[in-house]
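Peer 1: First the structure, which I've put down as structure tokens, then a few questions once you've had a look.
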Amino acid sequence: MAYPLQLGLQDATSPIMEELMNFHDHTLMIVFLISSLVLYIISLMLTTKLTHTSTMDAQEVETIWTILPAVILIMIALPSLRILYMMDEINNPVLTVKTMGHQWYWSYEYTDYEDLCFDSYMVPTNDLKPGELRLLEVDNRVVLPMELPIRMLISSEDVLHSWAVPSLGLKTDAIPGRLNQATVTSNRPGLFYGQCSEICGSNHSFMPIVLEMVPLKHFENWSASMI
């Protein structure tokens, strides 16, 4: 989860988030190099007073500043497209969970089980226990097995919502009348927090998401106790 004054991204929990962080570093380095070059040229012009008032045509320079930006854009676009395709791929999911957005809570249905469904509301501040997080705790967590591909089907009952868990690299719109899907795969156990990331009304800020990733054996015990 995020902390006050945090400058970096949250720790990656899924392969997709690891790829996104690598892509972020790759793109940031390109931006840093271009910015440094531009600032160096500007400072050089201001300090040396070098100008070329007589230059009317420079075919080589024009060729370079046409080809070079194209190469840079390709270097950014190719890794980005690769990650986009990875995010859309869902290979043999072991579990499917249907998520519905409401004003202002989430409901979950484990479609592989007959009667495993529940609503998930934010815990009011007055009901928090010591150590729990304000505006992030819920009464019913989404319990999922770790290290296994899980398909999330996401939609909405009323207005636009967005189901987002940053540490897993997830952000999928919940649109009324449309079923979107995403893949959840966690490399480690733990609690992972998210929130609705689409302004959906007066209580938009009070729609937290909590995923509890556990070993498969613990998940089987939990699901048996819930049915």
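Don't overthink the numbers, they just go from 1 along the chain as shown.
In case you wondered, yes, glycine gets a Cβ from its N, Cα and C as well.
The topological domain 'Mitochondrial intermembrane' annotation in Swiss-Prot covers 1-14, 88-227, and the record cites similarity to another entry as its basis. The annotation transmembrane segment is assigned in Swiss-Prot to 15-45, 60-87 on the grounds of similarity to another entry. Residues or ranges marked as topological domain 'Mitochondrial matrix' in Swiss-Prot (evidence: similarity to another entry): 46-59. Under the heading Cu cation A1 binding site, Swiss-Prot lists HIS161, CYS196, CYS200, MET207, citing similarity to another entry as support. Per Swiss-Prot, the feature Cu cation A2 binding site maps to CYS196, GLU198, CYS200, HIS204. Annotation source Swiss-Prot lists Mg(2+) binding site at GLU198, citing similarity to another entry.
Burial and contacts for the listed features, if you can.
Peer 2: Same-chain residues lying 6 or more positions outside the topological domain 'Mitochondrial intermembrane' (1-14) and placing a CB less than 8 Å from one of its CB atoms are 20-21, 24, 133, 136, 166-170, 184-188, 190, 192-193, 213.
Here the transmembrane segment (15-45) has long-range neighbours at 9, 51, 72, 75-76, 79-80, 83, 86-87, 166-170, 183, 185, 187, meaning same-chain residues at least 6 beyond its ends whose C-beta is under 8 angstroms from one of its own.
Broken down by DSSP into helix, strand and coil, the topological domain 'Mitochondrial intermembrane' (88-227) contains 21 helix, 61 strand, 58 coil.
Spatially close to HIS161 (Cu cation A1 binding site) yet at least six residues away along the chain are GLY101, ASP173, ALA174, CYS196, GLU198, CYS200, MET207, judged by Cβ distances under 8 angstroms.
For CYS200 (Cu cation A1 binding site), the number of other Cβ atoms no farther than 10 Å from its own Cβ, over all displayed protein chains, is 21.
Take the CB of GLU198 (Cu cation A2 binding site) and look out to 10 A: across all protein chains shown you find 18 other CB atoms.
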Peer 1: Taking the Cβ of HIS204 (Cu cation A2 binding site) as the centre, how many other Cβ atoms fall within a 10 Å radius?
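Peer 2: For HIS204 (Cu cation A2 binding site), the count of other Cβ atoms within 10 Å is 17.
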Peer 1: Is it possible to get the count of other C-beta atoms within 10 angstroms of the C-beta of MET207 (Cu cation A1 binding site)?
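Peer 2: Its Cβ has 27 other Cβ atoms within 10 Å.
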Peer 1: Other than CYS196, GLU198, CYS200, HIS204 themselves, what residues in this chain have Cβ atoms within 8 Å of the centroid of the Cu cation A2 site's Cβ atoms?
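Peer 2: Apart from the listed residues, the neighbours are GLY101, TRP104, VAL159, LEU160, HIS161, SER162, SER197, ILE199, GLY201, MET207.
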